[in-house]
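Peer 1: Dumping the structure here so I can ask a few things about it.
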Amino acid sequence: MLSFNDTPFHPATLQLTGIPGMQTGHAWVALAFCILYLISIIGNLSILTLVIREPALHQPMYYFLSMLSLNDLGVSFSTLPTVLATFCFNYHHVGFDACLVQMFFIHTFSFMESGILLAMSFDRFVAICDPLRYATVLTNSRILAMGLGILAKSFITLFPFPFLVKRLPFCKGRILHHSYCLHPDLMKVACGDIHVNNIYGLFVVIFTYGIDSVFILLSYALILRAVLAIASQEQRLKALNTCMSHICAVLAFYVPIIAVSMIHRFWKSAPSVVHVMMSNVYLFVPPVLNPIIYSVKTKEIRRGIFKVLYKSQS
């Protein structure tokens, strides 16, 4: 639909939906989302607080972990307003411009997470393959530069998206299939030529997820080669154990992405609830699991938690 002066038509608001087929159980869904948000926010804030307060955690590995926790908070807070409005207050509307802003931040934080996981794999590579130079390679200034580089790369790469969406007319309705705004969802209700959006979207996915995942795999191939060269089996297991938390975080992030891609590619006739649930897993699982993974698998984090609990009891 176009207006009389041939400018693209943008609806004042877009309508968000919850989970198809679960309209009668919104109270339980709202409770589940609230629990997930609480675990994510409390868990990641706890990791950040521990890294800041405990001198023993002032090391490159934990600086990267604090970046991951800060980014996971960004993912959670990006989706929180509309998800809680949809499920807790039964308010399903979001302004068009607000939707574009939310879309930008959700995708930016998601792509930043991939870059941070790559940086963490480099940290593990240096720690295992060149331990004597670990402190000189990963200095505070280099870690800061890596963090700012990840931020700049994601921001610059995603910055055109809101403008590419805003140039399109919207004439296929205004109902989105999630409780938050995503670029693919907006493309389903947009009219006009969306080839530029699709091509640029594919480029961004390859430029971020594709390249990052390849270098993460390469890092672990080199790590595995170095570990297998260690004579002592006990030392080999000790070296691999330092990577387990990061491996679990990588799997928690990339497995849902691969699953979403496979469903979109090979199961296009899947019920809409499947697509919505997989998108929810992709956005909600990593921020919830990451603090749990590192709290369980990392001895220094556990020690810091016990130390804080002991002080509070004293």
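Glycine is no exception: its Cβ is also placed from the backbone N, Cα and C atoms.
What TrEMBL records for this protein is below:
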type: DOMAIN; residues: 43-294; note: domain 'G-protein coupled receptors family 1 profile'
type: TRANSMEM; residues: 27-52; note: transmembrane segment
type: TRANSMEM; residues: 73-92; note: transmembrane segment
type: TRANSMEM; residues: 104-122; note: transmembrane segment
type: TRANSMEM; residues: 143-165; note: transmembrane segment
type: TRANSMEM; residues: 199-223; note: transmembrane segment
type: TRANSMEM; residues: 244-267; note: transmembrane segment
type: TRANSMEM; residues: 273-293; note: transmembrane segment
Peer 1: Flag the pair the transmembrane segment (273-293) / the transmembrane segment (143-165) as in contact if three or more Cβ pairs fall under 8 Å (sequence separation 6 or more).
Peer 2: no
Peer 1: For the transmembrane segment (104-122), what are the same-chain contacts with Cβ under 8 Å, counting residues 6+ beyond its ends?
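Peer 2: Those are 61, 64-65, 67-68, 71-72, 74-75, 78-79, 146-147, 150-151, 153-155, 157-159, 161-162, 180-183, 204, 208-209, 212-213, 215-216, 219-220, 246, 249-250, 253, 283, 286, in sequence order.
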Peer 1: Please report, as numbers and ranges, the same-chain residues at least 6 past the borders of the transmembrane segment (73-92) whose CB is under 8 Å from any CB of it.
Peer 2: 15-18, 26, 29-30, 33-34, 37, 40-41, 44-45, 48, 102, 105-106, 109-110, 112-113, 179-181, 283-284, 286-287
Peer 1: Under 8 Å between C-beta atoms and at least six residues away from its ends: which parts of the chain pack against the transmembrane segment (143-165)?
Peer 2: 60, 63-64, 67, 100-101, 103-104, 107-109, 111-112, 115-116, 119, 183, 186-187, 190, 196-197, 200-201, 204, 207-208
